[in-house]
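Student: The following block contains the structure, expressed as structure tokens.
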């Protein structure tokens, strides 16, 4: 319900206490009353007769600038200037930047995809993509257990991608990519500005001061950002691949937008949600993402090495550890398709390696490691429909043999799926293929258990999650040693005089 | 040893196979031979007679620009312009920026400290500081078990702070802070430019597109960065506090510089280190930081609430969870000083709350939560000297009652300490003070188990770690709702024409 006549009044701010059921012809077939209190234990949809109350509805739930009473004017302009233009070179969907070479893809379902990634002429990844996203809600009162969205499989990250605007979504020198979808009648449909490409300064890349001469050498980190923003009804997601000069790739997810809300009587509370405004309940939920990583570490024949750091035994006469301080790594190469968990306590590390090529310095196989985003996995019971449909939510790391068209962690058809067919666990169970020195795919499940804060209402400050892929004994030295030294001549920073600042205060 | 006559030749690149012992008058009292192979099991320091070999020493171990054979020239200049100056206001050590008000401190030991932090007139933190850093090495061969530095207690983050240079360490409009130490004779010693203060663009702060009107509202995130860089012999650390417009504080640590090295015979390998160049072993080690967080969440009387997300029981007739998807939080307020662990599997959350003030929306105590950096804790055996000296390395979160002068997680005197006196565990053991609704201090241990990569040689690309403090039901809505809407008029981004880019390629 919108309280104001303004067209951009927040229609999630006044959740109705009814819920309509429609059939596939968009006809309402039934209207249900929503539960009003924790004690509402409806096995079937139905009303409780309890009244909701809108007396305390207030303007704090509006987000549109027209509807704000306060607007801070303290933030001075901040501009990024690249007098010689950006450092990237683009031809069609081919991007060359620093020593990277890659192709940008886009489709209705996954949105932004990255292909054929090489650094300094060496292949590193064949394809990087967001495979799926699952958003289950944790409120057990009917009808809320139905609330669980596959934002890629059901909605599509591509069709929901924003038309990005110059000067709003990115800062600096921006190249936009368009994409094409099709209309229902098969005509091409242009999706304009769905991906933006730009550079960012990322602080210090490396620095060393020789304490004997006091000479400092410092380089600044430049990153290439490929970003897309999607709106899925109430929520926004900002997905970005970052490439840096040290041959590292990061995947950043930012969650923002408006939380999905339920009505709640004034002064009531429930154990699976936060009251963010009078009458407005933001229920607990999870966001689980599956990042699909198809490596080609100097070729397609790759393996997954699981490494852990363990203390050496102390006071064991067979082990040399007299001071009790020794530690080393255990290494296990995964032989068959499987699911694995992260383990902070052992600093468990997942390395995609090429066993056929040894690093000339370390003498170990070349590789790239996954730096995971540590996350709680799916909370829904393993027997629940949620868990059966989103098998990838049970573990943080999955490794499978490559097969054409296996792109989706919850399978091809997620809409009303019952699970058990082509989700990751089902695929692995249905076959037992080797993944050592084969063409393999790594899937990383990560996300957030989102128990809302009042500060996330009416629009959330971005919640950031970051996953990285870093070379590990792939190169023969730091690949960023040749980056230009940071100088004032190029950077043109401005010294701020403290007293002048004071004067402005 | 330096191989080149250049004064900035890398003197960590050719580690000698001897080690000198000095007395307190800096006189060499003994010379030891370093172990050459894994099988060297010296209970006492002594030589093995094995020879090291320098035949394969190569120029890849040099980092200074004068000694590089390649230099990339592909990165175009990137400048940050603030035509109206920065948004911050500084008077002495007082900074006002957006709705923040805080004071910058600096001392020889902790380096940068932050004091009296308030947002929009409400106190949030009394003092934020890096309390200690411990860097133990994991090579069990003598004499390496002695290798374990307290970089604050033994060396000092303040006295080792870099004199920052305009245009090198930060980009944009930079205000520098000086600090004062003293000479051995008691004269004041000025440490110039040891802290830099500047603003950064931090991407999208919040965004929402109304899918009914297709109107997008987007704000960009501006952050205030207070940064200091220290050189501790071979290593560099970049410490930065980030303040954002949504009342969040982050503490970022970047590790860079040169890894501490040991000699190793050509073609030899050991299980507790990586050969990063011929004859150069970079041994496994850990970096454990203790961030000291002294809260004042709307006053000094605070508590620590530990919250976890747990699935509701399924098929339990006493619990309403018919679909098996329900989850809720458990809450436990800590009564006495103690150590706690992180737990990704339960999304364990540490909230600093003020039980005396309830949020008008959520009806729950106001607070700030710790977003930890998930890290493996100390690997050294609990009975080892390392563990006894660095008690804070055993657990990720510690809560104590506030006492004057209790600033250091490993105690006042770390140099040659034997532990057991005023480290966090010893302090807690020696008293059993209440921490509920009292003046309390939270200590967060985090870091990295650093098993070196060849890519980190000769200078490491920065390894980032991030800890955050976010308001949780402290405000009555998103405190950044009043941030100006992002516009091209202010941001002056530049559209990059794809074909022009092509032409440059």
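Placed from the backbone N, Cα and C atoms, the Cβ positions cover glycine too.
Heads up, TrEMBL stuff is auto-annotated, nobody curated it.
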Student: Quick one: sort out which of A:56-76, A:77-97, A:98-118 is the region 'Disordered' according to TrEMBL.
Tutor: A:56-76
Student: Using a Cβ cut-off under 8 Å, which residues of the same chain at least 6 positions beyond either end of the compositional bias 'Basic and acidic residues' (A:59-74) come close to it?
Tutor: 4, 6, 8-10, 13-14, 258, 277, 280, 457-459
Student: Take the Cβ of residue A:235 (active site, schiff-base intermediate with substrate) and count every other Cβ within 10 Å, whichever protein chain it belongs to.
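Tutor: Neighbour count, Cβ to Cβ under the 10 Å cut-off: 21.
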Student: Whole-number answer please: how many Å between the C-alpha atoms of residue A:151 (active site, proton acceptor) and residue A:235 (active site, schiff-base intermediate with substrate)?
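Tutor: About 10 Å separates the two Cα atoms.
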